[in-house]
Amino acid sequence: MMHKIESKRGMLALMTSHCAGMVDLVALPVWIGTLIANYHFGFQQAGGLVTLFLVGAMLASLIFAPIFNRFNPKWPVIIGFLSACFAFYLASKNTQFSVLAILHLIGGFSAGLALSFTHGTMGRSLNPHRLFGFAGLALGIFAILFLAGSLNLIRNFGGATLFLILASIMAIAACVAFLFYPQVNKKQENIQFETYHRPKFSKYIWCCIFGISLLAMTNSMNVSFYERIGIARGFGESSVALTLIIYGIVSIFPAPIAAFTQKYFNPLIVICIGPVFQAIFSLVLTHSHNYVLYTLAGSCMVFTILFTHTYAFGLLARLEPTGRAVAGTPAMLMFGAALGPIVAGTLVQYINFEAIGIMGCILVLGQLILFNIVRSNYTHKGLPQNA
């Protein structure tokens with residue numbers, strides 16, 4: 001039985017798939033920290049492994065987002081999560097860098113496949129902005145459970161536990177998708193389900209897409225080494241663990257706030273203001289030796305990207321109603337997020353943690369240029385109504 005997108009079971013499947021596919025956003029600090037502390041990889045190697053996962057997700061999105069409308073999305077989602085589960089299980093049995101590199105790439109490609117079809121389905125809902133906001137709420141709750149549980153399990157049972165946890169998450173997502181994954185709204189099937197005509201994206205949509213990529217890259221550079229920065233500053237493992245739990249708690253709020261403020265804030269303004277806060281918090285996080293400021297900056301970083309990206313997702317769904325642009329959300333996020341860990345790892349290895357904050361400001365400048373191009377065009381033309 002196929003459920004509607006807006007049904008409770010359909011939304012449960014989409015939210016579960018969103019959490020599993022976006023696990024990197026939640027797990028990055030623990031992931032990088034485990035690879036360094038438990039597997040004894042260098043900063044650059046640890047960042048490189050996570051980058052391979054994100055590159056795989058990006059490639060899957062680039063391949064499948066343009067042809068999203070040609071498939072029943074349920075089966076690619078199930079196949080993607082099952083494949084990712086298998087890759088992470090194998091990763092838990094290996095410690096060699098070369099083997100882990102291949103498995104990270106496969107796991108990322110598989111998760112990216114599932115996430116592309118998940119976001120494409122969400123983009124075809126009656127109110128994509130609102131649905132993505134609720135999915136963000138689910139991700140925040142998931143973040144608390146993941147960070148609170150994984151830290152103790154990894155400490156007690158070793159680094160391989162991380163990959164077993166990730167494999168379990170993918171398996172659960174596959175099962176929920178099998179049982180409850182929704183069908184695309186019939187009223188929107190005439191957009192592209194029965195025709196393969198695909199109009200090209202305008203340059204303004206591309207500017208929005210690349211702006212989102214830089215938004216994700218700035219965030220991933222900082223979050224990847226959030227845990228390591230705290231340890232290097234001498235805050236202690238227990239204090240850093242508390243910081244990560246606070247980080248998870250804060251991540252609950254931005255997406256639902258973005259959903260409920262949809263009628264009050266212009267998305268064109270939000271996407272232009274959000275990056276400014278990102279630059280401020282990046283500098284504070286990487287330069288401050290004060291524990292309170294370190295904790296606040298990290299929590300505000302995750303608030304900024306989740307709030308801003310919820311508005312950006314809703315905006316893209318309005319600018320490009322076929323669902324192809326939002327189906328490419330993993331590619332946008334992963335393109336930037338994939339570069340973040342390896343770039344940050346290289347900066348830390350050869351310069352210092354503070355260099356991450358400086359690079360973050362440079363990336364924010366690029367975001368402001370791209371998003372203001374979008375804003376200037378649609379301020380004059382006006383935004384299209386929701387599909």
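Including glycine, each Cβ sits where the backbone N, Cα and C put it.
Those TrEMBL annotations? Automatic predictions, nothing curated.
Record features (TrEMBL):
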type	residues	note
TRANSMEM	12-37	transmembrane segment
TRANSMEM	49-68	transmembrane segment
TRANSMEM	75-91	transmembrane segment
TRANSMEM	97-119	transmembrane segment
TRANSMEM	131-154	transmembrane segment
TRANSMEM	160-181	transmembrane segment
TRANSMEM	201-218	transmembrane segment
TRANSMEM	238-257	transmembrane segment
TRANSMEM	264-285	transmembrane segment
TRANSMEM	291-313	transmembrane segment
TRANSMEM	325-344	transmembrane segment
TRANSMEM	350-374	transmembrane segment
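Listed stretches 12-37, 201-218, 238-257, 264-285 were compared with the transmembrane segment (49-68); the greatest number of C-beta pairs under 8 angstroms is found for 12-37. With respect to Cβ pairs under 8 Å, the transmembrane segment (12-37) is most closely packed against 97-119, considering the stretches 75-91, 97-119, 201-218, 264-285. Contact between the transmembrane segment (201-218) and the transmembrane segment (350-374) is present: at least three CB pairs lie under 8 Å, with pairs separated by 6 or more positions in sequence. When Cβ-Cβ distances below 8 Å are used as the criterion, the transmembrane segment (264-285) is approached by residues 208, 211, 214-215, 218-219, 221-222, 226, 229, 293-294, 296-298, 300-301, 304-305, 307-308, 311-312, 314-315, 356-357, 360-361, 364, 367-368, 371-372, 374-375, 378-379, 383 of the same chain, each at least six residues removed from its ends. Of the candidate ranges 75-91, 97-119, 131-154, 238-257, 291-313, 75-91 contributes the most Cβ pairs within a distance under 8 Å of the transmembrane segment (160-181). Remark: the transmembrane segment (131-154) makes no contact with the transmembrane segment (75-91), by the rule of 3 or more CB pairs under 8 A. Away from its own ends, the transmembrane segment (238-257) comes close to residues 26, 29-30, 132-137, 139-141, 143-144, 146-148, 151, 226-227, 230-231, 291, 294-295, 298-300, 302-304, 306-307, 310 of its chain (Cβ-Cβ under 8 Å, at least six residues beyond either end).
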